[in-house]
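This is the structure I want to talk about, given as structure tokens.
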Amino acid sequence: MPTTPLRKTAMTTRQPIYKSLYFQVIVAIVIGILIGHFYPDTGKALKPLGDGFIKLIKMVIAPIIFCTVVSGIAGMQNMKSVGKTGGYALLYFEIVSTIALLIGLIVVNVVQPGAGMNIDVSTLDASKIAAYVTAGQDQSIVGFILNVIPNTIVGAFANGDILQVLMFSVIFGFALHRLGSYGKPVLDFIDRFAHVMFNIINMIMKLAPIGAFGAMAFTIGAYGVSSLVQLGQLMICFYITCALFVVLVLGAICRAHGFSIFKLVRYIREELLIVLGTSSSESALPRMLIKMERLGAKKSVVGLVIPTGYSFNLDGTSIYLTMAAVFIAQATNTHMDITHQITLLLVLLLSSKGAAGVTGSGFIVLAATLSAVGHLPVAGLALILGIDRFMSEARALTNLVGNAVATVVVAKWVGELDTDKLQSELASGGSAILETRPEDDLGVAEGPTPANAVNTTKTV
């Protein structure tokens, strides 16, 4: 391929640290914390910066998922491999998310962060959580399944529902594959359209420091550092549990499959910082599609595992749900015996699968779970409403790492992982990646395109 020398040149070029997205986002987050702490009104006024950045990302998520999934499926030789990939992915998601739920349940019972608070449920202001409870009541198994089917194709893309877009994309990819050579012009158009979408992402990501700055300034300005003190034990317990889950559980999975969790975290450090600033793992979805394919996983695997994982493989959210539910019981002196906790676990095995990777979705699922269990006071949600935003950072970070691990593992299970490329990319740490060029690095389209045809002699 004529693009190979270009890729090697790009991967060996280093840039000054102040030009790296990693450094810029760190500085932006620190400045945002300082502004929010010392000038809270100004910090709250900066909220549109964070909201605007997330909206820009959401604007292109649906078309990027569509292009990635359709191109991956339509370009496959054997359609059985798609079903195999999906089956292995769902198996992995169920096993690991169940482990996450169990770990959260065990830790909260051992540490008991809510014990001794002696909160009277009748004194809690439930008005602030009414919207979450209402949204949570809509979370049922049948409703979730029916919601995956869009009313219209346009509606799926207009609403930006990841699972609806994914479902249509899979069906479209299968249909396009059945057309054979007759459908090749459509596939070529989708490949070229994907190039445009990924280049739009390049432009949007240059605004990531501004988005992280605005979101962090608002969070600190609106809730203040003082709000962390009252319920600090729960927060510290949750953060430590998430860290241990990543290092021990995901680390063990990585070791069993021949790579290091620490190198993987280093490789996606820029995406982690973006998530830290915005509190939403969805903000890093487009770049994760890029990074995972560059890491050696085939496009068809990445296109299925990453979007699906954003609803079915939210490890951080799973830990949060069990810990928060039992914490509310402890704080309100609501007795929970082993039967109640098993019931809670079984309900969460289902309800946790409806949590999308957006800010606040975990809280809605928690409201749905408390309503479904019945034994726990729903009004107790008011206890953690003030710190939920701070806990969402740990949830989103753990979710992102969990989906990165899942993609590599599933790709290896189905024989769609280039292990040599995996090791070389992890060894480099992604430190030399200057800018995403899908036509050069991602294999978004197979074969030459007008974009890479004129750039094959350039040095990036």
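Glycine too: its Cβ is placed from the backbone N, Cα and C atoms.
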Which of these ranges is annotated transmembrane segment in Swiss-Prot: 301-321, 385-405?
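In Swiss-Prot, residues 301-321 carry the label transmembrane segment.
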Which of 20-40, 234-254, 364-384 shares the most C-beta pairs under 8 angstroms with the transmembrane segment (88-108)?
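Checked against 20-40, 234-254, 364-384; highest Cβ contact count belongs to 234-254.
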Against the transmembrane segment (301-321), which of these stretches has the most C-beta pairs under 8 Å: 56-76, 234-254, 364-384?
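Most Cβ pairs under 8 Å with the transmembrane segment (301-321) come from 56-76.
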